[in-house]
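Q: So TrEMBL has the following annotated:
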| type | residues | note |
| --- | --- | --- |
| BINDING | Lys103, Ser207, Ala208, Phe209, Leu210, Glu281, Asp296 | ATP binding site |
| DOMAIN | 171-387 | domain 'FAM20 C-terminal' |
| ACT_SITE | Asp276 | active site |
| BINDING | Asp296 | Mn(2+) binding site |
Amino acid sequence: RRHKLYRQELNLTSPAAPLPLRPEASWLQFHLGISRDGLYPRSSPAVARLLRDMRELPTISADYSQDEKALLGACDCSQVVKPSGVHLKLVLRFQDFGKAMFKPMRQKREEETPEDFFYFVDFQRHNAEIAAFHLDRILDFRRVPPTVGRLINVTKEILEVTKNEVLQSVFFVSPASNVCFFAKCPYMCKTEYAVCGNPHLLEGSLSAFLPSLNLAPRLSIPNPWIRSYSFDGKEEWEVNPLYCNTVREIYPYSNSNRLLNIVDMAIFDFLTGNMDRHHYEMFTKFGDDGFLLHLDNARGFGRHSHDEISILAPLSQCCVIKRTTLLRLQLLAEPEYRLSAVMRESLLQDPLAPVLTEPHLLALDRRLQLILDAVGKCVDTFGEAAVVANDTAQPQSPAAHRAKLDT
């Protein structure tokens, strides 16, 4: 009631209803460009327009995400790790039925995750989401939804456009006269965990939504290399170096490209330092050989000074990798196409640049070499023919990959 009166006194009204969907809308063109090869083609003008629209278009509504809404109903206290107000995220809507996930800044770029933090209680970082999109595109995976940084006016672009009274109720003005808000849930939701503008502007990442599940159904599948989400537990893969032999006997890892895609995902997560890949999703339309979606990357890029080798377990235990992935990694290890330099240049396109600090960029080069070393050990043990899988009818030469990277 208080917020309704506030809005009435200031004569605040929501913007006009969205216009009818235009076929040329960037959101629609992005969805139409999804194929069995990735979320978008290598050269996609629709993605460039989508990034621009998420960066510039005004918001017409704001709301909690569905998983945070579910928290308002019940609390599963049997689990040690639970989503909470610390990991606040919102759904922002734009014209033409555009929709993006907003994750606000929770940790400054120069701050490292403390050594004593478990991966499942780590902060979610907006700049990690942005950097993950750029890295995924550089690796030619194209499995992370387009993501861009933006300065959001939390008053005008969230509070004044939301119709959710619960979201309205968690806004307040801090003693420093900054506008703040926090998540509403049964636990861990306190003003100490709020995010605040300065006084209204707040950094955040915007990740484009995928097509609705009604139009493009997806499966959520437990990662065979899931970590233990308790303080003292261990999963089988963490204690059994022959664990991959068991995985290979289980459908669909026994007779499809799924295992190769799991290795791709592990390589991607190792480069970012993300230990929180408990599930993965894929479109049902493309069957067992479809690509894996690399979603929820906000727990990456937390510690540049530490390389978590255990993330590479699928590669080191299974000793298999796609030829196209290996060629791209080898190219990015060459001095003239060094991964850190390519990432640095790519991230300069984002409005919130610099997105990563220099130590995080240099850590990418170090981790890339560790990946190549792991592949080298596998080749020495089993031979190149057994380790490097031909995932294309005509594998491309490093020169061809170099030409693609130049474009």
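Using the three backbone atoms N, Cα and C, a Cβ is placed for every residue, glycine included.
Whatever TrEMBL says is automated annotation, not expert-curated.
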Q: Around the C-beta of Lys103 (ATP binding site), how many further C-beta atoms are within 10 angstroms, looking at every protein chain?
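A: There are 27 of them.
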Q: Among all protein chains shown, how many Cβ atoms are found within 10 Å of the Cβ of the residue listed as 'active site', not counting that one?
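A: For the residue listed as 'active site', the count of other Cβ atoms within 10 Å is 19.
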Q: Minimum Cβ neighbour count within 10 Å among the binding-site residues Ala208, Leu210: which residue?
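A: Selected from the binding-site residues Ala208, Leu210 on minimum Cβ neighbours within 10 Å: Leu210.
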Q: Tell me, which binding-site residues from Lys103, Ser207, Ala208, Phe209, Leu210 are within 10 Å of Asp276 (active site) if we use the C-alpha atoms?
A: none
Q: Using a 10 Å radius around its CB, how many other CB atoms surround Asp296 (ATP binding site)?
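A: Looking across every protein chain shown, the total is 22.
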Q: Could you please provide the mean pLDDT value for the domain 'FAM20 C-terminal' (171-387)?
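A: Over the domain 'FAM20 C-terminal' (171-387), the predicted model scores a mean pLDDT of 92.
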